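The feature [4Fe-4S] cluster 1 binding site is assigned by Swiss-Prot to 11, 14, 17, 58. What Swiss-Prot records for 21, 48, 51, 54 is [4Fe-4S] cluster 2 binding site, and it gives similarity to another entry as the kind of evidence. The domain '4Fe-4S ferredoxin-type 1' annotation in Swiss-Prot covers 2-31. Swiss-Prot lists 39-68 with the feature domain '4Fe-4S ferredoxin-type 2'.
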């Protein structure tokens with residue numbers, strides 16, 4: 001299953017998304033673009049299951065991190081309705 005995790009420059013470096021991820025897909029890396037001096041990164045997207053807990057945990061109202069589900073997941077979710 002392939003999902004895409006996008007981190008945007010509105011990240012405030014709070015680490016909430018990293019702590020919310022049950023599979024350690026995310027990590028913080030140095031970045032001078034915010035006061036915290038760090039930004040979330042997603043080096044292990046192949047482990048992402050698309051639970052979107054990182055999105056829910058983000059205090060910037062989904063403006064900093066988004067999980068785009070792969071087509072296979074989107075199709076199977078449609079069958080549930």
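Every residue gets a Cβ built from N, Cα and C, even glycine.
Remember, predicted model here, so these are calculated numbers, not experimental data.
When the binding-site residues 11, 14, 17, 21, 58 are scored by other C-beta atoms within 10 Å, 17 scores highest.
Counting other CB atoms no more than 10 Å from each candidate's CB, the binding-site residues 48, 51, 54 peak at 54. Checked against residue 21 ([4Fe-4S] cluster 2 binding site) by C-alpha proximity, the binding-site residues 11, 14, 58 yield 58 as the nearest.
A Cβ within 8 Å of the Cβ centre of 11, 14, 17, 58, the residues given for [4Fe-4S] cluster 1, is found for these other residues of the same chain: 12, 13, 15, 16, 18, 40, 54, 57, 59, 60, 64, 65.
Between the alpha carbons (Cα) of residue 54 ([4Fe-4S] cluster 2 binding site) and residue 11 ([4Fe-4S] cluster 1 binding site) lies a span of roughly 12 Å. For the domain '4Fe-4S ferredoxin-type 1' (2-31), the list of distant contacts is 37-51, 53-60, 63-70, 73: same-chain residues at least six beyond its ends, Cβ to Cβ under 8 Å.
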